[in-house]
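Residues or ranges marked as domain 'PDZ' by TrEMBL: 311-367. If you look up TrEMBL, you'll see 6-35, 56-78, 84-100, 107-125, 145-163, 184-201, 213-235, 255-272, 278-295 marked as transmembrane segment.
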Amino acid sequence: MNEVITWLWLVVDALIALLTQPFYYIAIVLLALSYRRQGMLERRLLHTRLHGWPLLTLRAIFTGILVGLIVSVVYLLLGIEMTAQAVVAIWVTSIILMLFRVRYLNAVYAVGLLGVVQWLLKLFGSWEPQGFLEAIVSTIRDLPIPQLLVLAAVLHLTQAMFIKLQQEQNASPVYFKGKRGKLVGGYQLQYYVPVPLMLLMPTTSASGADLAWSPLLAGGADMYMLYAVPFIIGFSEMTKSMLPEEKAALTMKRLLLYGVILLVLSLLSVWWNPLSLVAVLFALIGLEAICWISSSEEENRSPMYVHPKQGLQVLAVLPGSPAEELGIQAGEVIFRVNGQHVSSQAELHSALRMNPAFCKLEVRNIEGESKFLQRAIYEGEHHQLGALLAPDPDTGFAIDERPASFFQIVGMKLDTHRTEKPAPDPFSHEA
């Protein structure tokens, strides 16, 4: 009983220490800014927004806590140890990498880069710097890279499982410029969560406790305390050729495969250290390969969110809107409204005004099959029933396909541009 009480106090102490760490708040603020910028982009491109950034931020925080609870149990059973120096090294490296690309804030990049540097320091073992550099080199040389890679692998496996659950909240409809200079619709998908973890830290303090189980990877210390470590895990994607749920499922499968291979390599390198370089290189190259394959696929596939010759392509549906109640989904085509063929937003509005109190729709699903829908229209409802359409190919704003930089997110710079022949859209007012 005394041991249980001791460990409960260690958990409380670790949580209090987490609240005093700046890294956790840095992660939350960056996520909040990213989601706020996402909402601003939706308003500029679509004249409305699908989700509020405070709700998205809170979901990310609670998801991170849930992931942290699950993964912490796994880590405690494995006995993965952490030191304060390792936490600082990972976060400082992550922040530096983040200045180049935001997705490099993912902890696996920092661990991988530190692993490469550690291998180089071992290769040039005779190099002994002095002063401040000596402390940095000493910290990197002492990092338990294989154990940290195990940590990263389990995080990615858990993250992959949560991608499927978060796909609706994390998919943001946007406009891109296509190969021929025409606007096409698409989605940005972001899966970033701040994850607080409970890891073991060896200690000689009387406030520590011994382990009642035999962990696989612990270093054999007599006493341990718990150390709360905040990490950011995540992945970003874009798609012009797939439904967001299809892209999310594909990303999930690839991250699961990546996580399994990384976990196997990392566990093997724990028992045979020379393999750690292979694990480190796979950690870095594997994630980059997933990004490259995804980008190449999108480049070679035809865009999905463009208007056909007859009908209007639905890019997204506002939550709680009439379109959602009717069962209209992204990727479907609004073919007829009140008996009239529609091939432009002007024709859509004209057809809806034929009967302001009621509408009858013919909508064709992705398989090309027609479904007939009808519903009363009430005052104050969205002027397009909540169906957000693919863009006019010749008019409007588009965003760059490159991911936003750290400075664009912090500065709330949207980095949008208009097509060559802009024209005013009389129907582009905010919902």
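Positions of Cβ are set from backbone N, Cα and C atoms, glycine also.
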Per the 3+ Cβ pairs under 8 Å rule, pairs at least 6 apart in sequence, do the transmembrane segment (255-272) and the transmembrane segment (84-100) touch?
no
For the domain 'PDZ' (311-367), provide the mean pLDDT of the predicted model.
92
I need to check the long-range neighbours of the transmembrane segment (84-100): which residues 6 or more away from its ends have a CB within less than 8 Å of a CB in the stretch?
23, 26, 30, 106-107, 109-111, 113-114, 139-140, 142-144, 148, 201, 227, 229, 231-232, 406
Of the listed stretches (6-35, 56-78, 107-125), which one yields the highest count of Cβ-Cβ distances below 8 Å with the transmembrane segment (184-201)?
56-78
DSSP assigns the residues of the domain 'PDZ' (311-367) as 14 helix, 20 strand, 23 coil
